[in-house]
Every structure is written in C-alpha cells, then in structure tokens.
Amino acid sequence: MCVFKSFFSQKSFWGSLLGVVIVVMIFSIAFIGSIVNPTPEDLPVALVVNDKGAELPNKTKLNAGEQYKETLLDNKDIPFKWSVIDAREDAISAMNEKKYYATIVIPENMSQQILSLQSPSPQKPEVEVIINQGMHYTAANTTKQVIDQLLSKINGQIQENVFTQLETNKATITPSQAKLLSSPLLVKNETVNEVGDHTANGNAPVLFTQIIWIAVIISSVIHFVIMKKVTNGRISIRSILAQLVAGFLFATAIASTVLLFTDNVLNVNISDFQATFLFLLFTAFMFYLLQNAILNWLGLVGVPLFILLFLFSIPVLNLPPEFLPTVTQDWFYSWVPFKYSVEGLRNIFYFGGHDIESYLFVLGMIGVASFIIMSLSILKTTSKEKTMVAVEK
C-alpha cells in the first residue's frame, strides 16, 4: 500500500500524465487538424469555347457552346474556379505552368454536330477534356470526376432536346440514329504531364522532401554536438566554416543515397536523374543552413521545432492547396519551406523542369538568410565572453 501511495504521489507521475495529454493534442492537431474534412474549393479549370454555331431550319441560330458555357459558369455548386481561354494551345501552355488542373474544350462544330443528330447522317457532338495530372494527382482525379458528372448532365440535355424536336416534328429515326442517341455526347480524354508508374501516385516529390528534412535534422544535430564539444561551445568563424563544409559533404551524401536507393532498389520513376540530384543537393544544403542557424542561436532546444514543423507538414503537403482550410493555406502552407522543395521536384518529375528557377531562388534566399543568421551567432559568443569578463572584474 505504501508503494502504491508513494508511486501515485510522485509529482513526476502527474507531470508526465499532463505531458502525454499535451503531446496527444499536438499530434492530433498536426495529423488531423488540417485534413479532418478536406473539401475541394476553387479548383482552377480552364474552358475553351470555339463553337461557331449553326443555323436552324427556322433561320434562327443555335450556339450550343455558348449555352453550355453559361450553364457551367453559372453553376455555383461545383468546386471550380473557371477561366475562359481563347485557344486550346493557350490552355495547354497555362497547364504546363501549373495554372489549371484541367481544360474543357468545346470544338467549333459542336452546334452543327448536334443538329446532325436529327439527320440521316448523324455525328456525335464532341467535347475534349484535358487533365493536368502532374499538377497534383489527387486534385486532377477529383477534377476529372466532377467534369464527368457535368458532361453526363450535358449529355442528358442533348438527348432530351433532340427527342423533344423529333417528337414535335413527328419524325422517325433509323436504328443507327437510335443507337447514337442513347449516348449522344462523345468525350475525348487526354492527359498531360502524366505522373506515370512508380511515383507513389505523384507523391514522390513530397516523400523525397520529407526524407531530406529528417536526414538533415540528424546531420545538423550530430554536427552541432561535435562542434560544441570541440570548441567548448564557442562559435567562431572557423567553426562556421567547418559547419558549412560538413553540411555540404552530408548534403551530397544524403542526396546521393536518396536518389540511388530509390532508383535502384525501390524502382522509383525518376525522369531526369541529374537535375533531380542537383536539386536535392541544393535543397538539402539550404535546409542544413536553416537548421544550423536555429541551432547556433537556440541550441538543441531548436530540434523540437524542426520535428513539429515536419509533423504539421506531413498531411498538408500530401493534399492539394485547394483542399486545405483557408487558415492553413494562409498561415502555414504559404510560407513553409517544404512547399518550394516539393513544387520544384514536381516540376522536374512531371513538367520537364519548367520554371525550376523560381523555386531555386526562394530556397536560395532562405539559405542566404540562414547563413547570415548563422554568422551572426558569433556575436552571441563574443557578448557572452564579455559578460563573463565583466563579472570576474
């Protein structure tokens, strides 16, 4: 009984219980908070309407393309942010710049094809759907599903309108017309910037970034502990230089290992080996500078910050930005450094390295700022030494 009472009377027991509750709350927020109800909103989609219209027997003009354009744009129940584009080529170019998840193209002869459904030589009206898979696999698939539902409704409208006209005119149809009218709309699907096989459903850039960050944390902590032991905690120009050299060596080893292992052992589909290696090397070194800037000022107290940032980023990076709550988009996703690594790798993997310079620039600026903060930590040591001398006097 004495042991029982003594055990539960320990302050450390109740303190640890409170600590566990806090840790569980933090992990719950990190893993579930931003994705508890992921709802797509404002998915960017392009619409190209080239339909020139057609003349009806009563001399009035039919422009089905414009009608369906108004129907789509006025529909407030779909999670799309529409952009009307003049030409298919312009839409493709914008998709290569990761501006749209998909494009719907209504051809110039759509109205004529709809009218032909009542003629002896019917032609199915066509609509082209282009999916930008590399922009984000999950978002692209969601966009495709919504578009399929929209086009299914348009297909039903075309069918109903034709049957109404046939009934009004008391016209008969041939077996071939009847077969065609069972599903009059022909949807042509095309995928650009394909994700391909062995890329974790397009999440390879996210996984690579997370592996790099964790590996760099381990490297940074090891270097910091060794440097503190060698220099007795005194930061100097030489210690900063040693950190830089060690960081570059470890960044090279990390980038090489990640790439060679995932390519040769896990069979990850890496489209451009050299560009991927150089980007991983650069990213790893910039992460190293960022982490060591914090370690040089805060010491090992900074390590939990690195881990928390990693934990909070895991669910956020795996979801498209349009699936995240506005608060998460504005206050976390917009500034987290992983974003630039993920999007840069995504460009290399699925977009042929297009516009990679912008992501390198941002990561480079993070590295430069971190290097400056690292260097300023020398002043912290100098100030501490002066204080000690003053106390001794």
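Backbone N, Cα and C atoms are what each Cβ position is placed from, and that goes for glycine too.
Taken straight from TrEMBL:
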DOMAIN    11-374  domain 'ABC-2 type transporter transmembrane'
TRANSMEM  12-36  transmembrane segment
TRANSMEM  207-227  transmembrane segment
TRANSMEM  239-261  transmembrane segment
TRANSMEM  273-290  transmembrane segment
TRANSMEM  297-317  transmembrane segment
TRANSMEM  359-379  transmembrane segment
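It is 273-290 that, among the stretches 207-227, 239-261, 273-290, 297-317, forms the most Cβ pairs under 8 Å with the transmembrane segment (359-379). Long-range contacts of the transmembrane segment (207-227) within the same chain, counting only residues at least 6 positions beyond its ends with a Cβ under 8 Å from a Cβ of the stretch, are 200, 239, 242-243, 246-247, 250-251, 254-255, 258, 262, 280, 283-284, 287-288, 291-292, 295-296, 299-300, 303, 306-307, 310, 313-314, 317, 338, 341-342, 345. Note on the transmembrane segment (297-317): residues 26-27, 29-32, 34-35, 206, 209-210, 213-214, 217, 220-221, 224-225, 291, 324, 328, 332-333, 336, 338-339, 342, 373, 377, 380 of its chain, located 6 or more positions outside it, place their CB under 8 angstroms from a CB of the stretch. Cβ atoms under 8 Å from those of the transmembrane segment (273-290) belong to residues 208-209, 212-213, 215-216, 219-220, 247-248, 250-252, 254-256, 258-259, 263, 337, 341, 344-345, 348-349, 353, 356, 360, 363-364, 366-367, 370-371, 374 of the same chain, restricted to positions at least 6 beyond its ends.
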